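Everything on this sheet refers to the single structure shown next.
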Amino acid sequence: MEKFPLKGTGNISSSNNLSISYAATNHPLSGDHPSYQSVGSKPGKGSPASGAERHITTTTTTSLTTAPGTVGAVPVYEADEDGMIDITPGNGGLTNPNYSYSSYSANGGRQDGVGAPSSAANSSAPSITTTAGASSNGGASIGGGEGPGGMSSPTHTRFGRDFHHSDHEDTLTVSFSGKMEGISFAGMTDTSDDIPGIGQYEDFHTIDWQRDIARDRMRHRYIVKKRQDSFWDLLKGAHDAWSGWVCVLLVGLFTGCVAGVIDIGASWMTDLKFGICPQAFWLNREQCCWSSNETSFDSGNCSQWYAWSEIFTSSREGFGAYVISYFFYIMWAMLFALLAASLVRMFAPYACGSGIPEIKTILSGFIIRSYLGKWTLIIKSVGIMLSVSAGLSLGKEGPMVHIASCIGNILSYLFPKYGRNEAKKREILSAAAAAGVSVAFGAPIGGVLFSLEEVSYYFPLKTLWRSFFCALIAAFILRSINPFGNEHSVLFYVEYNKPWIFFELVPFIGLGIIGGIIATLFIKANLWWCRFRKYSKLGQYPVTEVLIVTFITAVIAYPNPYTRMNTSELIYLLFSQCGISNQDPLCDYNRNFTDVNSAIEIAAAGPGVYKAVWLLILALAMKLIMTIFTFGMKVPCGLFIPSLALGAITGRIVGIAMEQLAYNYPKIWIFSGECSTGDDCITPGLYAMVGAAAVLGGVTRMTVSLVVIMFELTGGVRYIVPLMAAAMASKWVGDALGRQGIYDAHIALNGYPFLDSKDEFQHTTLAADVMQPKRNETLAVITQDSMTVDDIETLLKETEHNGYPVVVSKENQYLVGFVLRRDLNLALANARRIIDGITGQSLVIFTSAQPVQNLGPSPLKLKKILDMAPITVTDQTPMETVVDMFRKLGLRQTLVTHNGRLLGVITKKDVLRHVKQMDNEDPNTVLFN
């Protein structure tokens with residue numbers, strides 16, 4: 001292999017004194033050091049690199065030498081002042097022939113100047129030498145007192161060291177003045193001279209998880225280190241430790257309050273379509289009737305509550321009354337829909353849809369600015385009340401997750417630990433998503449599992465506990481507000497008193513299969529319609545589309561009592577079992593209730609049940625078709641409630657069929673004698689519950705969280721096994737008929753850069769096939785010490801890349817580090833603003849070396865924004881490994897090398913495009929800047 005010329009060889013003086021740039025090149029951590037690159041022949045053990053002993057020229061020519069005996073010493077790890085452990089890459093445990101380690105006996109400093117006060121490095125002390133037997137660094141290194149070779153070594157952190165020079169010294173010195181100036185973290189130090197804005201991201205960019213997490217660890221170390229200094233610092237440390245819990249506590253409190261307001265507002269506005277309470281117009285129908293003394297009222301029509309027809313014609317029945325009620329129903333629906341669509345259009349375009357696909361993408365490390373902002377929160381909260389009240393076929397449960405995430409995002413800015421660090425902020429957002437489901441369904445544990453299974457990307461154990469706490473607080477607050485006005489915080493509380501028969505697992509699994517088929521039909525049709533909307537003229541008229549859909553929905557829905565009522569009420573009706581008090585046609589059985597406490601006997605279905613079944617079949621078709629056109633419109637709309645309604649209707653119909661089978665043939669073996677006693681052994685409401693779970697599972701592809709949400713939602717713990725069977729069956733059928741759930745499908749449709757951690761990468765390509773640029777194109781790089789400010793600004797103008805590799809020189813493309821475009825722009829602007837003498841001809845230097853003093857303008861040192869430890873792979877790395885690295889480490893990009901030389905870059909965008917190409921899809925659909 002060819003031997004490459006060492007950078008700085010031109011600066012070696014005629015004596016054997018080695019100028020500083022050579023020392024920096026031979027630093028064991030520099031990009032072109034023999035122990036990191038396979039370079040031809042290495043000098044023999046113990047022989048100094050060029051025969052004579054090297055001398056580092058300092059201002060006063062202090063020679064720092066090593067006695068020949070130091071050779072066999074074992075590297076020792078020493079804890080540095082900032083708590084970092086030194087790790088020295090040695091040649092198989094030998095000291096490096098090009099880099100002699102020795103220590104200052106006086107003050108525990110080190111030969112490379114790290115940790116030594118500048119006075120020590122610059123003093124005209126005599127040669128300080130260390131021999132093998134004794135350590136002379138004052139016992140600073142671990143085991144340094146007795147062992148052979150108590151030597152210290154250069155600090156190696158993930159981000160390179162910041163060597164502070166003064167302009168007239170050629171020495172490497174680092175001052176520790178209680179601040180963390182010793183480590184530079186690509187601009188992430190806690191020093192006061194930070195360049196403002198570094199470490200933030202542009203809109204529509206991917207975050208660098210590794211960099212942000214390392215940045216947080218460093219901040220944490222700094223706080224721990226300062227804790228001993230004063231009582232104030234101790235308080236700061238305590239606040240830092242608690243801030244995560246305090247933040248999720250606040251998120252839970254606010255989410256519970258907002259959910260209570262939304263529930264109360266939506267139920268009042270829904271009832272406003274039917275009538276008004278003249279005594280107190282702010283009460284909904286149920287609350288209005290509480291104030292009346294009537295003991296029983298049929299379906300909420302008590303004397304205090306006036307339907308619109310009563311106010312205008314003073315009668316509830318008759319053709320005229322029906323027309324007036326119909327008219328008011330449509331008018332209010334149109335008004336609410338118009339308001340919702342206009343608010344979204346004018347103030348917060350991001351408030352439309354359910355928000356879960358975007359939350360998933362944001363949690364996977366993508367930045368969508370103002371998607372979780374305060375305007376989105378306000379408009380989404382108001383808009384979801386309006387669009388639910390408009391009677392559209394949508395639910396408010398998905399948007400609750402978005403609303404809670406907005407609250408989490410806004411509150412995270414109160415705590416800089418989370419507000420300024422995108423990777424840490426994602427932990428709060430995961431907890432907020434759990435709180436959102438918790439208040440939507442009154443299901444705190446289901447919420448935590450939903451966050452874990454469906455939306456979160458990075459979910460450490462700490463986040464699990466915080467999500468649990470957040471969901472608990474949110475559910476508690478909602479329970480205290482009691483928006484449903486009943487003693488249960490769950491949406492559809494049911495009490496079935498019959499155990500299920502073993503044979504019933506067959507129809508339950510059958511319901512799972514039906515649910516999977518309905519769900520697949522829905523996903524495919526909805527995607528087709530959304531694609532049509534996106535690429536046709538229709539997409540330019542969002543408000544008109546909302547109004548047309550609302551009008552059609554209202555006109556079709558009013559005549560059928562099951563579609564006219566609120567969807568949540570319909571689901572509750574379908575889940576409940578027939579008792580004495582039920583007046584609905586669904587419970588029109590030929591029973592005579594003589595004794596209130598006697599068991600409900602099984603009975604033949606009356607004419608009302610058959611009529612109800614026909615109406616339910618019509619309702620099923622109407623709900624399915626309207627939901628296909630509704631989901632994805634420019635109003636806030638969720639998908640949980642319509643899916644549950646579709647499943648509950650299907651389930652109830654199957655349940656009634658099973659019940660009649662058991663009534664007509666009670667002696668068949670399948671009922672195993674359970675039904676021969678005449679008791680009601682089949683519960684149609686249970687079938688509705690199982691069917692609801694099946695369709696929802698098929699649409700979203702949830703399994704564990706779905707079952708937990710369903711039994712928390714209904715209080716039916718006894719029926720976990722039927723729910724599990726149906727959820728599994730619907731997931732299998734859904735996966736067989738179509739690969740993606742509705743959220744993943746919408747992520748793909750919108751082109752969000754989401755690498756799903758559940759997918760497998762099956763193909764046998766290599767990193768070299770995917771990297772940019774391809775073999776014959778040139779790679780845009782920055783050299784470490786030979787480009788001027790003008791060169792770099794030209795490079796930034798001519799290329800669009802988000803970051804640039806830094807190499808030794810154009811000829812020798814050996815990797816030094818990686819610098820981000822945003823950081824470069826900020827650093828250059830900052831330097832021109834603050835530092836005098838920076839012109840277009842100033843050299844930009846990414847090394848610690850002092851350049852030769854020429855007559856030109858003073859150089860600009862940007863080592864502090866350089867990432868010294870970019871993740872690299874070789875060109876022969878299989879792509880499945882690379883994809884795994886991107887998924888599990890959350891990378892933005894990785895650099896590709898060959899024999900240590902830089903070949904190219906693979907970004908997340910390249911990976912996503914490659915995955916699409918391999919799956920025979922259009923790779924240009926991925927939205928990325």
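In case you wondered, yes, glycine gets a Cβ from its N, Cα and C as well.
For 38-53 (among others), the entry in TrEMBL reads compositional bias 'Low complexity'.
Residues or ranges marked as compositional bias 'Low complexity' in TrEMBL: 116-139 (among others).
What TrEMBL records for 771-834 (among others) is domain 'CBS'. In the domain 'CBS' (771-834), the DSSP tally of helix, strand and coil residues is 24 helix, 17 strand, 23 coil.
Taken together, the residues of the domain 'CBS' (866-923) have an average pLDDT of 92. The domain 'CBS' feature in TrEMBL is assigned to 866-923 (among others).
Per TrEMBL, region 'Disordered' is recorded for 24-53 (among others).
For 103-164 (among others), the entry in TrEMBL reads region 'Disordered'.
Residues 381, 384-385, 396, 400, 403-404, 407-408, 411-412, 414-415, 417-418, 427-428, 431-432, 435-436, 438-440, 462, 466-467, 469-478, 480-481, 483-484 of the same chain lie 6+ residues outside the transmembrane segment (242-264) yet bring a C-beta within less than 8 angstroms of a C-beta in it. Residues or ranges marked as transmembrane segment in TrEMBL: 242-264 (among others).
Under the heading transmembrane segment, TrEMBL lists 319-341 (among others).
The transmembrane segment annotation in TrEMBL covers 375-394 (among others).
TrEMBL lists 400-416 (among others) with the feature transmembrane segment.
Below 8 angstroms of C-beta separation, residues 244, 247-248, 251-252, 255-256, 259, 359, 362-363, 372, 396-397, 400-405, 407-409, 411-412, 418, 458-459, 463-464, 466-475, 478-479, 488-491, 640, 702, 704-705, 708-709, 712-713 of the same chain, each at least six residues beyond the ends of the transmembrane segment (428-452), sit close to that stretch. For 428-452 (among others), the entry in TrEMBL reads transmembrane segment.
The transmembrane segment feature in TrEMBL is assigned to 464-481 (among others).
Look at TrEMBL and you will find 501-523 (among others) tagged as transmembrane segment.
If you look up TrEMBL, you'll see 538-558 (among others) marked as transmembrane segment. Residues 325-326, 329-330, 333-334, 337-338, 340-342, 344-345, 352, 390-393, 532, 564, 622, 626, 629-630, 633-635 of the same chain lie 6 or more positions beyond the ends of the transmembrane segment (538-558) yet place their CB under 8 Å from a CB of it.
Marked as transmembrane segment by TrEMBL: 612-633 (among others).
Contact between the transmembrane segment (612-633) and the transmembrane segment (400-416) does not hold: fewer than three of their C-beta pairs are under 8 Å, each pair 6 or more apart in sequence. Packing against the transmembrane segment (501-523) from elsewhere in the chain are residues 624, 627-628, 643, 646-647, 650-651, 654, 658, 670-672, 674, 681-682, 687, 690-691, 693-699, 721-722, 725-734, 736-738, 740-742, 745: each is 6 or more residues past its ends and has a CB under 8 Å from a CB in it. Across the domain 'CBS' (866-923), DSSP helix (H, G, I), strand (E, B) and coil residues number 23 helix, 18 strand, 17 coil. Among the listed stretches 319-341, 400-416, 464-481, the one sharing the most Cβ pairs under 8 Å with the transmembrane segment (375-394) is 319-341. Listed by sequence, the residues of this chain that lie at least six past the ends of the transmembrane segment (464-481) yet keep a Cβ under 8 A from its Cβ atoms are 244-245, 248-249, 251-253, 255-257, 259-260, 263-264, 404, 427-428, 430-439, 442-445, 447-448, 451-452, 489.
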